[in-house]
């Protein structure tokens, strides 16, 4: 056991070091969110709006690499919160004098919005709406008087709407648009392909780009087209470049790493020139040159030629059909209802605990339940782990600030500089991948909850301790609820993702076609494989009783590896003409049976 533990810690530290490395756009995301939180905190304090830390948390919550998407989310949250507050105004008359009705509205509203968020494209925004309902109802319990309650509702609206308005205004002047993000991402794809073609770099970066698929880039291209951020010709070129760059990466991933022929060096140089041109928004070089009869290099050359001409390979049909607002199983899948019930129960338990103890300082326990909830037990426990780590780090930063910095601060302006510095560090972590991003959000929230206690600099340690204790209480209650009440294992999402990927591969392989499969078909399969792989990584955070046997986990990893390799073969005519491809196709039924057995 000791040996195992000693091996886990270095592995976690290695992952942390890798995840904290800089990448293109990371510093930009960090300073933008820090500046927005700084301005929001100043507005909250200047105008006496309570819950400044929660308002700043919402800014961290909607932080996206492309500011266009963040602005659209801010507008959507503002509209939805406004509708919720108007509904609360309507029910205020019936609930203000009845604790039972207030609790009924809290429970009913929480379950409703959590369910809609889980069963639709609304996603985690449903958690925010449920939190607003709970906040308003608990506020009425503290101030059950007409005029004061009305003012409380307005403050609840301002708590969400003010920071969202600031996000939109800030991004208009200082944001990184979807167009800039898309160009940078396509350029990074081409750079990664050039490194592999040149044989100077391992294919880890290229593999990550392949596994992420085209969905996010297609979404950003759609925003560019919808908001007319670029001329139509340029938008069409970027849309085609998404497919072309993906096909180029597929072709590069099949090359032998040891080959450093002059032809490969020439193609790598052209690829780097195309990457630079993409970032600068100018046409890519057209002269590609010959490939001396090498079929693999010929696929690279064709992709580069398509990129230069602005044409695209066949996109094919994405494996998934067009999505509506609600998921197809929104009414038939009980997991969505269970999620809403568990999260609401945890929030109500926390509310009853701090109300019974008359300890309002730990009200962050209820907030924790809404911002930490996810669909499966493993995801929730992973978030719990990140939340505890982030809470301790953010609390340490906040406590150090209270002891060493805030006693020397005499103005709101100086306090805003402190907020900027703290959120800058949190934003750097939050800009990372899903493995650590939530820790960054929690660092920011814990830091803000400790240093933003009122409407100016404050050094009350007891307030900071109470809020940290509340976070820990919320985490404990969430742990109990999600591990004891309708626990959901990650295997329930891994198996369907793998099944969809294998079925899509079988359909691609058996299709009657004369040309290569479309890039959307291949990228869709790769995305499903990536989802399954991430799910298997989350198994570490699951209780033992929910995990499949270790042997089954190893078999699923093997299935993902073989399906990943088959994607490279089926994508090109040369690969489909090999005995290796024939053998992989014959193994497909066995892989499907392995996946089905892993779920039993």
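Using N, Cα and C of the backbone, Cβ positions are placed for all residues, glycine too.
Bear in mind that TrEMBL entries carry predicted annotations, made automatically and left uncurated.
Going by TrEMBL, these are the annotated features:
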- 33-60: transmembrane segment (TRANSMEM)
- 72-94: transmembrane segment (TRANSMEM)
- 100-118: transmembrane segment (TRANSMEM)
- 125-141: transmembrane segment (TRANSMEM)
- 153-174: transmembrane segment (TRANSMEM)
- 384-406: transmembrane segment (TRANSMEM)
- 412-431: transmembrane segment (TRANSMEM)
- 438-456: transmembrane segment (TRANSMEM)
- 468-486: transmembrane segment (TRANSMEM)
Touch test for the transmembrane segment (384-406) and the transmembrane segment (412-431), at least 3 Cβ pairs under 8 Å: yes
Ranked first among 33-60, 72-94, 100-118, 153-174 for CB pairs under 8 angstroms with the transmembrane segment (412-431): 33-60
Same-chain residues at least 6 beyond the ends of the transmembrane segment (33-60) whose Cβ lies under 8 Å from its Cβ atoms: 77, 128, 135, 155, 158-160, 162-164, 166-167, 170, 174, 367, 371, 412-413, 415-417, 419-421, 423-424, 426-427, 430, 440-441, 444-445, 448-449, 452, 455-456
Same-chain residues near the transmembrane segment (438-456), Cβ under 8 Å, at least 6 residues beyond its ends: 37, 41, 44-45, 48, 52-53, 56-57, 60-61, 364, 371, 383, 386-387, 389-395, 397-399, 401-402, 406, 412, 415, 418-419, 422-423, 425-432, 463-464, 467-468, 471
